[in-house]
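Here is the structure we will look at, set down as structure tokens.
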Amino acid sequence: MLKIIFFGDITGEPGRKAIKQNLPALIKSEQPDLVLANVENLAHGKGVTVKTLEELINAGVGGFTGGNHVFSKREFSDAALIKYADRVARPANIPPTYAGSSAVKLKTAKGVVLLGNFLGQVFMEKQFHEPIGSPFAAVEDWLAQNQSPEVVATLIDFHAEATSEKVAMGYFLSGKVSALVGTHTHIPTADAKILPEGTAYITDVGMCGAAGSILGVKKELSLERFLTQAHVAFDIPEDASRAELSYVIIMVDELTGKSTEIKAIHEIVKLK
Ligand SMILES: [Fe+2]
Ligand SMILES: [Fe+2]
């Protein structure tokens, strides 16, 4: 069996610390074949950089997915997506002019894992400021283009806001991919399951970021935005002493590409 660990949106330094301080022990106890993570909020809450990606690679993360914020550090994010184009899957249903890869193939001891990332459309267009193509049409083309004989498992991160759109994508892809995991809302859902045709599914994995925050952001700033209805710049609580650590562990039969088990974990960890 192929064992995959997937971490939800790692948000800023508290999220990176939570991974760096907990992943080595988790790798020892779980012995995963592959560790994956959503990194759209990796560098101070928005975007990725070479340095922050390398922190996670050194901690044992082998592959990454993006989201609506993954390009937010402009040329720094583009540089990271280009340098690690063989490890980071950025959203596939956006204009092809964006930097990075829309599909990555990751080698494991049990065979190659195909990794993809798609954006939802419902309540997402404003957040991305660019037209987002239908993820349903795009994922069919993507599967036709990227599945190949060496691929033993396919995992897609569906980065979307609306629970209905994510559940619908789960049933649309049931039996076509090994796992469909949701990200973006930063709130874990209690619906991890194996769909009837062998696809592991969860609406949202949740985030890895500061505990006692609002979605990883300083709660005072987020609250002020709601109370004043004015734009308030967000910041990450870098001095956080505790973090949420949200991930799933998926078991895939590498002979059939079907999943047999998905376990969702949400815990609060102390940060050193
Ligand atoms: Fe996020
Ligand atoms: Fe997002």
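Just so it is clear, glycine is given a Cβ too, placed from its N, Cα and C backbone atoms.
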TrEMBL annotation, Fe cation 1 site containing ASP9, GLU40, ASN41 - matching residue among HIS186, HIS231: HIS186
From ASN68, ASN93, the one annotated by TrEMBL with GLU40, HIS159, HIS184 for Fe cation 2: ASN68
Under 8 Å by Cβ from HIS184 (Fe cation 2 binding site), counting only residues of that chain that are 6 or more apart: ASP9, GLU40, GLY67, ASN68, GLY120, HIS159, ALA160, GLU161, ASP204
Near-site residues: Fe cation 2, ref GLU40, ASN68, HIS159, HIS184, CB cutoff 8 A to centroid: ASP9, ASN38, GLY66, GLY67, HIS69, VAL70, PRO91, LEU119, ALA160, THR183
Whole-number Å value for how far ASN41 (Fe cation 1 binding site) lies from HIS69 (active site, proton donor) (Cα to Cα): 7
ASN41, ASN68 as binding-site residues, winner by CB count within 10 A: ASN41
Position of peak Cβ density within 10 Å, selected from the recorded positions HIS69, HIS159, HIS186: HIS159
